[in-house]
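A.B. asks: Shown below is the structure under consideration.
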Amino acid sequence: VFPRRLGRSKALLISLTLSVVFGVLVCVSPYPSVFIVMRFCLAAASAGVYVTLYVSRLELCEPSARLVATMLAGLMTWAGELLLLAVALGCRSWRGLLGVGVAPLTLFLSYGVPGVFPESPRWLLLSERSADMNSFSERRNSSRDVREDESFTGALRRSDVHITIPALLMSFVLQGKKNRNIWKNLCVLGFTSFISHGISHCYSSFRGDVRGTASSFYWTYLLSVCAGGGAWLLLWATVDRCGRRGILLLSMTMTGLASLILLGLMEYLSETAITIFSVLGLFSSQATASVCILFTAEIMPTIIRGSGVGVVLALGCVGRLSSPIMDLRNHYGYFLHHVIYSSLALLAVLSILLLPESKRKPLPQTLADGEQYRRPPLGRRRRDNVPLLATPNPET
């Protein structure tokens, strides 16, 4: 909501300020209930920082540089996760660990200085159109060219600067086919993000759930972070060549296959094979989650881009909430988790075929632009541009 109404720069500054405030309150929480509430608020503010930075980065880059900027940011995130592991090994108290994590955020408050963090030109374009709506009636009365006024108001209506995700959903429910393509793309990507985040728990804790030899927490975290770094490097090398949809389809297929192999052949595989397929599943699931966010930011219109990315990330967090299922007794939770998510992964593979391709394409600005991002029908046949009877006679 903040990026759409206040702009990317102001929304980032507000999210950073809230992160610092709630981070300090988490460190000084005297009771567990206060700690849980403040921790929840800190996570929400941190998510706002992530979404705002992600959207601003894509809107400030040209189509050819969007992937490079996204991959560099992903690698910086991977380096930060490795640094967090080193800090966790060095800190002996959880309060010190949280304090070290929140302290650098105070340096980023310098983004509030004018000129440090530029505003997105796409959002400025929409905000200028919204401001011109108030003076349109006066300009129409004083203008001599009615056609120019009609074209101007048509552009303003197409911008739909005050649209929100709930309003978009209401218009889709009440008016049927309106904005159907945008909702289809958002639902497919949200569902894929839900599966990719939820199924990752099947690979990160396989030893403790099945073989009874629970590995170290730090080793599991290091394995997960390294798999994420490898996923970013693979995406950097392949996504711009093979396309977003192709890599998303490949990574989701690998995720489902790794889950099915571990589910059906767990008792017959060696420890080395289990480790290989688990790392493969972690690698492909994190690659799928990363492509989902990039895909969403590239095909959602500017007016709902931040909300669309937030919805996809929220569905991914909901997928992570299913991890307590794996703690059921007698290891039934592990197999139940695998069966459910493996079945949903196959459904996600089929739904990815409905997505368009956004490689090297301009970011959509309005809802009408977002509706144009669609997959061409499979049954479409190529037609000649010139009728057969209109072909020139070679004898003349």
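Using the three backbone atoms N, Cα and C, a Cβ is placed for every residue, glycine included.
TrEMBL entries are annotated by machine, without manual review.
Model, not experiment: these values are computed from the prediction.
I grabbed these lines from TrEMBL:
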- 1-360: domain 'Major facilitator superfamily (MFS) profile' (DOMAIN)
- 365-396: region 'Disordered' (REGION)
- 12-31: transmembrane segment (TRANSMEM)
- 67-90: transmembrane segment (TRANSMEM)
- 96-117: transmembrane segment (TRANSMEM)
- 218-239: transmembrane segment (TRANSMEM)
- 246-266: transmembrane segment (TRANSMEM)
- 272-295: transmembrane segment (TRANSMEM)
- 302-322: transmembrane segment (TRANSMEM)
- 334-355: transmembrane segment (TRANSMEM)
A.B. asks: Would you mind listing the long-range same-chain contacts of the transmembrane segment (12-31), meaning Cβ under 8 Å and 6+ residues beyond its ends?
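C.D. replies: Non-local partners: 2, 6, 38-39, 41-42, 45-46, 48-49, 52-53, 56, 95, 98-99, 101-102, 105-106, 108-109, 111-112, 117.
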A.B. asks: Within the same chain, where does the transmembrane segment (67-90) have neighbours whose Cβ lies under 8 angstroms from its own Cβ atoms, ignoring anything closer than 6 residues to its ends? I mean 6 or more beyond.
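C.D. replies: Counting only partners 6 or more residues beyond its ends, the transmembrane segment (67-90) has Cβ contacts under 8 Å with 53-54, 57-58, 61, 97, 100-101, 218, 221-222, 225, 228-229, 232-233, 235-236, 239-240, 290, 294.
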A.B. asks: Looking only at residues six or more beyond either end of the transmembrane segment (246-266), which have a C-beta under 8 A from one in the stretch?
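C.D. replies: Distant Cβ neighbours of the transmembrane segment (246-266) are 192, 195-196, 199, 202-203, 206, 210, 235, 238-239, 274, 277-278, 280-281, 283-285, 287-288, 291-292, 295, 335, 338-339, 341-342, 345-346, 348-349, 352-353, 355.
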